[in-house]
């Protein structure tokens, strides 16, 4: 009883909460993959920009900058994220078509600037940023399900569902897929590469903000919180193959569950080292992403 | 270029004339002579800072080498510098062994771990190595703090065993760093002329041709990461000796990115003056801006972007200007 009892008692809640955070890693990873798929750039500024916008929500709603309602603050922060993504892509777009390595390095520059601006405006203090959600908890089949869990689940399903509908059924989504598949042919057919790239960068920024806002209540908000959260997103993207959106979703949930089990059963102090190991192993076993092996080549 | 050297028109500035006369070798020679006499003219604190500049220059060189020969970017070279620094620090404080033994050890460790981390992404697009090194950079401080019985945790280690007993430690810290930098620069210059170096460059620019000549791309990618990791470890070893302390604060994620920024600022140069520029940038900017810490990342980010955009637009501007001068 003791071993199996504790296993069931610990294991299911751990997997459940891992899946919840995994959905958030997936949101981050989807943004990274969208940008990589069409513009071949790895956006290393993703975490820092999302962190900056999370701080903006805090600043606008708590009275540090303004004291707006939470909804208005989120709306303004979203607009800021869109503007920042637009600006970043506008500045590096001439480099993007020349060398994906150089443009990847350039995104690190934006990451540094976003980090510095966060430090300059909000300082290095740790702040708490909560979501205005009903606090309740209920027990479902022995699992403790909180209002936060349900909020995350609903938001993630709605966002990811909307994203997949846009990519699968709208003209913009078809253009996105065409450009990811073969940019030259897509351009010959009359598609504007830049406008589709803008779509990917802006969508990724919005996904990043949503992910950042939802992850913050579980810990706290500091300059590094969201940037380290994005390492999980990177690991998720690598597990998914970095060029597959369903892979990123699957990888995110997998990373969430594995991280939770690792921190509980082994040690919370080696979480980055564990992720490094996960990335190395994943690259060795599934070089093209975990879903590639199961489903064969995607056409 | 040959036009510049042969026809020096009166309207050209003194600077372009000088740069036309000076060969890269001569420039490196002049810089080196100046650096050798420097400690006799400067105070102790400047000598110390210059030693750190040399050490960081080696790190910048390691990152640039990876970009130049491998076409790949690393944002986790602090792993290798930490490896080198802690092998020097641990051997020194625990066993009293000086650099004679710890430098070869750190080189060996650096090469081995470079190969180890390049191995999983050997067949993949270059970005996978970048993401691996991102995880590497974030894992380094964690590893250092958790192995505190060996590494001394937050407090760090103090390196005090001289390389040559009897010579003043301040002078040793300066000249050891300078000699290391010169050796590494010389070795890299020789690599460019060697058969292996040519093969690596061919594998980067024309993988199919390299395959046809018997250089496999996988081999090239793994070996360049090995070389770069080894040089990174030498940078760490030099940092430990010249900086006299080894602590986790020197191997943060930001330090890894700063090394890359230094490499970009020196336009991925591999010559002695260029890497010195990168190393000086990495060392001096945080010191100059130490009063306003939050401006450091902003400044680094702007410098990074500025250099990248300059590298992108400069050839175009130059072309437009030469077209204009032809017309007039």
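Every residue, even glycine, has its Cβ placed from backbone N, Cα and C.
Please treat TrEMBL annotations as automatic predictions, because they have not gone through curation.
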Correct range for transmembrane segment (source TrEMBL, candidates B:199-216, B:253-270): B:253-270
Given ranges B:174-193, B:274-293, the stretch to which TrEMBL attaches the annotation transmembrane segment: B:174-193
Remote residues contacting the transmembrane segment (B:298-315) - C-beta distance under 8 A, at least 6 residues beyond either end: 257-258, 260-261, 264-265, 267, 281, 285, 289
Highest-contact recorded stretch vs the transmembrane segment (B:74-91), from B:126-144, B:222-241, B:253-270, CB pairs under 8 Å: B:222-241
Same-chain residues at least 6 beyond the ends of the transmembrane segment (B:126-144) whose Cβ lies under 8 Å from its Cβ atoms: 70-79, 82, 86, 117-118, 120, 151, 153, 225, 248, 251-253, 256-257
When counting Cβ pairs under 8 Å to the transmembrane segment (B:222-241), the leader among B:48-67, B:174-193, B:253-270: B:48-67
